[in-house]
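The domain 'Amidase' annotation in TrEMBL covers 73-539. The active site, charge relay system annotation in TrEMBL covers Lys119, Ser194. Feature annotation from TrEMBL assigns substrate binding site to Leu168, Ser194, Val215, Gly216, Gly217, Ser218. Marked as active site, acyl-ester intermediate by TrEMBL: Ser218.
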Amino acid sequence: LLLRWRRRRGLWKKVKEARQRQERSLVQMEMAVRRFREQHPSVKMVSILSLPLPELSKKLRDGSLPLDHVFYAYVGKALQIATETNCITEYLQESETQLQKAKLTEKLGLLYGVPVSIKDSINCQGHDSTLGFIKNLNKPAAEDSVVVQVLRRQGAIPFVKTNVPQSLISYDCKNLIFGQTFNPLLYTRSPGGSSGGEGALVGGGGSILGFGTDVGGSLRFPAAFCGICALKPTGNRLSKKGVTAGVLGQKAVVAAVGPMAKDVESLALCMRALLCEDMFHLDSTVPPLPFNEEVYSSTQPLRIGYYETDFFTMPSPAMRRAVRETKELLEDAGHTLVPFELTNVDHVIFNFCVRGMFADGGSSFLRKFKGELEKSNMGLLFWLSRSPSWLKTALSWIAKPFAPRFSDILKSMRANTVDEVWNLHCEIEEFCHQFIAQWKKLNLDVMLCPMLGPALGIGYPGKLSVAVSYTMLYNALDFPAGVVPVTLVTDEDEEELKGYQGYFRDWWDRTLAKAFRGSVGLPVAVQCVALPWQEELCLRFMKEVETL
């Protein structure tokens, strides 16, 4: 007991030191901004912050806007949003040195002088990538991830790292070290996750361009919840070298690195900058596909598949209306909309996604938490990971008649043999081919889909892991998928929500109905999806939706 007490005391000391570092970061930001304002009292910060990224980058490149004016405008705004939402874990003080060097450079990249924010799990040299784990504190990365290296070469200035949920396997944003991040639109709501710090910072206007990762919706949830845009590319379109995954080694559900911004044009500019020779040279596993300008700028009418529900997670009235209204606007603009029938989403979620990510029965997931002070708010996952396979099988059989989804989760969380994992990968591949065949039979260009929303209350995402069906499908398929906010929750939506029962009428459906309530005025988004490696077409479709 004494040894355990001493160990726990040592861990709490590390947490305290990390929190003090976080506080010092905010003080450093405050001092840097104050110094700048004293030296340049006439700089209009608000007008700089109002510029969209394409216009801002043009002014930085042609010299009509000084680099330090932009940098300190965003440091000041980021500080304000961090104070309100607790989204920043660390200020990268070397960014000030990079800023001075950038003034002397002759080679102006596409993102020259643009301050950018980076998710905790993306390596920045000399800084921790904690994933919310105490064991990862005081282990600074030896070098920048490839994405950060390319950003620097394109002239961007990474200036802060942002908060994540413990382990990244969550779409909320809380860990024991840095605490809970709040939604900038309404502090009682979650900002989404796992790129929740990015969502809050970009959504609040404290960063013009942010970078996160997505293994089940981790870019798309924060974007939808915070009213901004995000793109989850095909898994290997952008390098993942130097990016720490939530579940190492699993191949069933494909992770991706992607950008978040206030508008689609900013995402396109970011992809233009990243898909360059530097990216392909630094990571030769990334296919050398430069940004296809012709596809992005095309004005040809599109043939668009759509669905209002996946028949697994019942959409909120606002979600259904978002798809319906967007569909009508697209038709009025001359595009062809074709209904797309989704089937067996429950099988995809349980048998491909849950089983694929926890193919070892959850033992490697459990090991990550060994020696940690807190196991976050993932009680069900822990209990399932700890339980022996025979117990899960028996309980699954007993629960089947009255709690089918709970039964399916129990069944999908048992340990698999190597042979079973290989068969699972074959099944996923076959499902992907079938999905593409259905897509091509309808001669589709892109797909319009619902996106979970509005933002759920803090604590609810941890109870509603089954509600990831709309996003996780496209990680299993490895299709590019973007999120665009299209509407706000109305009083009529709120009234209609009173009749929400869900498809299974189980505890999860009842909890989701509660989580949706009281959301009038909050943003609701749609998902825009394309076939693998067609990010430019996906962005073109997103731009169309945004414009309409």
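The backbone N, Cα and C atoms fix where each Cβ goes, glycine too.
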Gly216, Gly217 as binding-site residues, winner by CB count within 10 A: Gly217
Env. residues of substrate site, Cβ within 8 Å of mean position of Leu168, Ser194, Val215, Gly216, Gly217, Ser218 Cβ: Ile169, Ser170, Tyr171, Gly193, Ser195, Thr213, Asp214, Leu219, Phe221, Gly246, Ala255
For the domain 'Amidase' (73-539), the mean pLDDT of the predicted model: 96
Those residues of the chain, 6+ apart, with a Cβ under 8 Å from that of Lys119 (active site, charge relay system): Lys161, Thr162, Val164, Ser194, Ser195, Gly197, Glu198, Gly210, Phe211, Gly212, Thr213
Set of same-chain residues at least 6 away whose C-beta sits under 8 angstroms from Leu168 (substrate binding site): Ser121, Leu131, Gly132, Gly193, Ser194, Thr213, Val215, Ser218, Ala245, Gly246
